[in-house]
Amino acid sequence: MGGKKDEDKAAFGKPVKYDPSFRGPIKNRGCTDVICCILFLLFILGYIVVGIVAWLYGDPRQVLYPRNSTGAYCGIGQNKDKPYLLYFNIFSCILETNIITAAENGLQCATPQVCVSSCPKASWTVGENQLSQTVGEVFYTQIGNFCLPGVPWDMQVSESLKQELCPSFLLPSTPALGRCFPWSNATTPELPGITGNISQGISGLIDSLNVRDISVKIFEDFAHSWYWILVALGVALVLSLLFILLLRLVAGPLVLVLILGVLGVLAYGIYHCWEEYQVLRDRGASISQLGFTINLSAYSSVQETWLAALILLAVLEGILLLMLVFLRQRIRIAIALLTEASKAVGQMMSTMFYPLVTFVLLLICIAYWAVTALYLATSGQPQYIFWAPNASLPSCEIVLVNTSCDPMAEPVNSSCPGLMCVFQGYLSTGLVQRSIFNLQIYGVLGLFWTLNWVLALGQCVLAGAFASFYWAFHKPRDIPTFPLSSAFIRTLRYHTGSLAFGALILTLVQIARVILEYIDHKLRGVQNPIARCIMCCFKCCLWCLEKFIKFLNRNAYIMIAIYGKNFCVSAKNAFMLLMRNIIRVVVLDKVTDLMLFFGKLLVVGGVGVLSFFFFSGRIQGLGEGFENPHLNYYWLPIMTSILGAYVIASGFFSVFGMCVDTLFLCFLEDLERNDGSLDRPYYMSKALLKILGKKNETPQGNKKGKEREVRP
């Protein structure tokens, strides 16, 4: 048995040899993966060029601001005091198109549109006696300036309506998305030629677009509760930090309680399945009576379902009990490593706040990509064409409708009613416009690569800091003064290429997953069951591949931080080291996952419960300064607090998880590299030495208990 075990270990490489010059993370190192570093820097340079090109040719105002019929923007430039867009005939938008089509066209529709300073507050319809009056008498002095720019004061109202220079009716409206939309309860005027349920159309449009009231209420709730949300996030930060620091005292009992809790849940599941099985067995409910059905809930009423669940839970219970019996020493090692990780975090508290640096860098990457993509999507020169509401009239036959025009010039034939030069869109005939798709693909690749590189940087920096803790023979005396900043500078200076290499491999797999998801979404309606099964298998394989690469990269970055070798060598050494200790890897991984899951549950659940009782007003008698604010939606600050608590807990526990993984790899190398002799003492803690039944030799004449002396 022993020979077979040694042969299996030999298949995954030879143990690490003793190196008398090794004292933790190597300081005299060189640059690694230089070619990949150069490629990454050239790619970033190209990414910057793409951003500059997008900034030069893009025009995001068409997304941020509404446009009138001439293509001018509302709220800026000459229309700075007119931020809202008014549709002359909003019903043409409702009756002739749907909300999706309107949104894709920038909410443009076949009716004149004008920028206004405020939306109409009351209903108005042109009267018979007003048709003979002038535009100045009706609109400029009574109703308001809702006509197109440049309409003469002395033009008759009838002529302005004929040419669609002024609206024939107005509805009480409210601004939403920079546009004036009618109220859902507005009284609809009687207008010839308009049929259908207009009120229902307005209601649908309001339901789809008008979120002003809700957004205002949400803003008010945040304004009244933001400081209490910050208090909840502060509580989450304190709870996360306390949980990690207290693990050095309660790691063993807590893991035992969690394992017993899992055993208890499985035992109760077995008991419940047995009770249900007995009841259904006495009734004679069998799957043969039910037959095959797609209603999955129906299977809960047959005895075979509960019998299968009982067997499955019993098998899981038995496996867990056997693991506790035969792997108890490895579980003790995992607990000791958790305790040691808590001590390491306590010695280097700055590492707990490094996720803030990662968060800022990730935010910069995402913001740069979003702005670049927006500018690219809005690149091109504006194009204007002639448009008339009824081009089939005899007076409009000589007009070339849909041909290019100049919005600043007069129409070529003013006898055509409503003829105007309107904005159609942005030209896509330029070099940049023809290359938009390729540039957007480049931007997406840049987004994934930079995000993965930032995450890799954080992992490698933390690994370097925690490795310096483990390989300090006399703790805390031998720990470097600034381990985190030293690891950060060392990683950026020497290993940018290695991080880019690992991030690129992961990026390619993620891009493949995105492409596969896109193909699956496009072909979902035409696929047969076999094709869907094949697609599901491909997606599952890529998901597993991504998880494996993330695991391999994480451990490769640890080896890079310690030894300063290139990515491939580090990944190989880490993989071989882990495979030589695969059982310890599995046990530590599961124990750590269980511990961190409980920690997140404790932090998020605690903050969620406190937020619920406070914001819902269930906590009374706290005093005048601690009264809960009056909110429109009390669940809003609760959900915000829970989400923020989860983000904070994930950030803290990701650092702790990286610490555990780093100390574990160092522990495995310590076992292979050293033997406890005077020349090769172990660096691990006394608790780990005691669990393994090992000890460091002491020179003769030393007092009992002083096992660690300065190495020669």
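The backbone N, Cα and C atoms fix where each Cβ goes, glycine too.
Unlike curated records, TrEMBL annotations are generated automatically.
Sequence annotations record features per position, and here TrEMBL assigns transmembrane segment to 34-57 (among others).
Long-range neighbours of the transmembrane segment (226-247) within the same chain, counting only residues 6 or more positions beyond its ends whose Cβ lies under 8 Å from a Cβ of the stretch, are 254, 338-339, 341-342, 345-346, 352, 595, 599, 602-604, 606-607, 610-611, 614-615, 628-629, 637, 640-641, 644-645, 648-649, 652-653, 656. Here TrEMBL flags 226-247 (among others) as transmembrane segment.
Per TrEMBL, the feature transmembrane segment maps to 254-271 (among others).
Among the features that TrEMBL reports, transmembrane segment is placed at 306-327 (among others). Note on the transmembrane segment (306-327): residues 259, 262-263, 266-267, 269-270, 273-274, 276-277, 280, 300, 583, 587 of its chain, located 6 or more positions outside it, place their CB under 8 angstroms from a CB of the stretch.
Annotation comment: TrEMBL describes 353-377 (among others) as transmembrane segment.
TrEMBL lists 453-473 (among others) with the feature transmembrane segment.
Feature annotation from TrEMBL assigns transmembrane segment to 494-516 (among others). Tertiary neighbourhood of the transmembrane segment (494-516): same-chain residues 29-41, 444-445, 448-449, 452-453, 455-457, 460, 535, 538-539, 542-543, 545-546, 549-550, 553, 556-557, 560-561, 564, 566-568, 570-571, selected by CB-CB distance under 8 Å and a gap of 6+ residues from either end.
According to TrEMBL, the transmembrane segment annotation covers 556-579 (among others).
Per TrEMBL, transmembrane segment is recorded for 591-615 (among others). Non-local neighbours of the transmembrane segment (591-615) in the same chain are 225, 228, 232, 235-236, 239-240, 243-244, 247, 251, 254-255, 258-259, 262, 331, 334-335, 338, 628-629, 631, 634-635, 637-638, 641-642, 645-646, 648-650, 653, 656-657, 660; each lies 6+ residues outside the stretch with a CB under 8 Å from one of its CB atoms.
Marked as transmembrane segment by TrEMBL: 635-668 (among others).
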- May I ask for the residues of the chain that lie six or more residues beyond the transmembrane segment (353-377) and have a Cβ under 8 Å from a Cβ within it? 50-51, 54-55, 57-60, 63, 436, 439-440, 443-444, 446-447, 450-451, 454-455, 457-458, 461-462, 484, 651-652, 654-655
